Structure formats: structure tokens, C-alpha cells
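Here's the structure, in C-alpha cells; my notes come after.
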């Protein structure tokens, strides 16, 4: 999946993956991570997610990474945040009081940038990758997460043959098989969200589960 795929989605505003409200599993389970309020939280492939605003409201300093420039600009504009921007290496660094975003390729993001984070939150990153790229993303995520750091992972699972992703189906078995090398994994919740997703209903997807996992870097 080439970067132009995502750039085209944002250019055409075909962003069904963007949620107009804070994720319900984030609201319910974030406190279980026991991350100090002032701790920095990393959000990979953050888009213009309102989840970042929620994390900031909890007192966290949010550090996002997003490929598409328009997504970053829309986030700050729509939330009326004053921001500065400077090019640093292969990325552009957007800075405001509580939400900083590195715009560029997450695969070239240096681990030193995230070395002081206290937590991380992945709702739309792991499920954005097809199988051919997902394992590479997991390896890069592991490089970016310091030992002992805890995070909340949110996934979707459904019969992949019924719908062309993204979002791609990520099963509990896949999570255990490919993430357990790097993380201790605890399943926090699994809920049926088919009724809330008309696109899946229209394609006759028989079931759609959203799961939340607590991850701890080994």
C-alpha cells in the first residue's frame, strides 16, 4: 500500500476511518493503563483524531505521527489550536501546547523521538495495514516504544473476504501471534459494533467485532 493511497483518500475526503466522536473503548479503558496525567502519549497514524483532544484533556502531552499533511493541518484548524511548524529531517514537526505531531513516514521516525513517552494509543494504525505490511509496522512500533511502556490497542475483526480493507481485519489470534514477541498482551474488551457501521452492513458483512487490548512493552 503506497503513500499515495492515503494522500488520495485525504484529498478526496474519503475518510470513513475518521470518527466524529471519541472512541468508546478509549473512554472506558484508558484509565486501566494507569499512566500519569502529565505523561506523554504517542499516537501512531493519528490523522485528525478527536481521541488526541480527549487525551490532552486528561492532562497528557500528545505526540502524534501522521503521513498526510492535510490531515495534520485539518486537526489544528478544526480544533482552533495555534501551531508552529518546522522541517526536521524527513519530517515536519507541528508544535502546540499539548499536541505535537510529526508529519511524515512512521517508518523513518527515529526512536529517540519517542524515548520519553509514558504510553501509546493505536486505534487506526494496526488495522490500516494489509497483511503484507502489518508485521513491518509492528516491528517499527516496537522500536518506538520504550521498555515497560503501556498502551491501548483497538482492533476490528470481521471475515476479511467479505470486504476489501482498510480497515483490515485483525483477529485476536493475529495479535497474540505477532505482538507477543514484543508486548505482554491483555484483552480488555470485545464488542459487536456491526450496527454502528453501515458500510459493513451494506456489504453484507455478517459480524464486526471491536476489541481493546492493554499492551506492555517487554
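The backbone N, Cα and C atoms fix where each Cβ goes, glycine too.
For 10, 45, 66, 123, the entry in Swiss-Prot reads S-adenosyl-L-methionine binding site. Mapped onto three states, the DSSP output places residue 45 (S-adenosyl-L-methionine binding site) in coil.
The Cβ of residue 45 (S-adenosyl-L-methionine binding site) lies under 8 Å from the Cβ of 65, 66, 67, 106, 122, 124, 125, 128, each of these being in the same chain and 6 or more residues away along the sequence.
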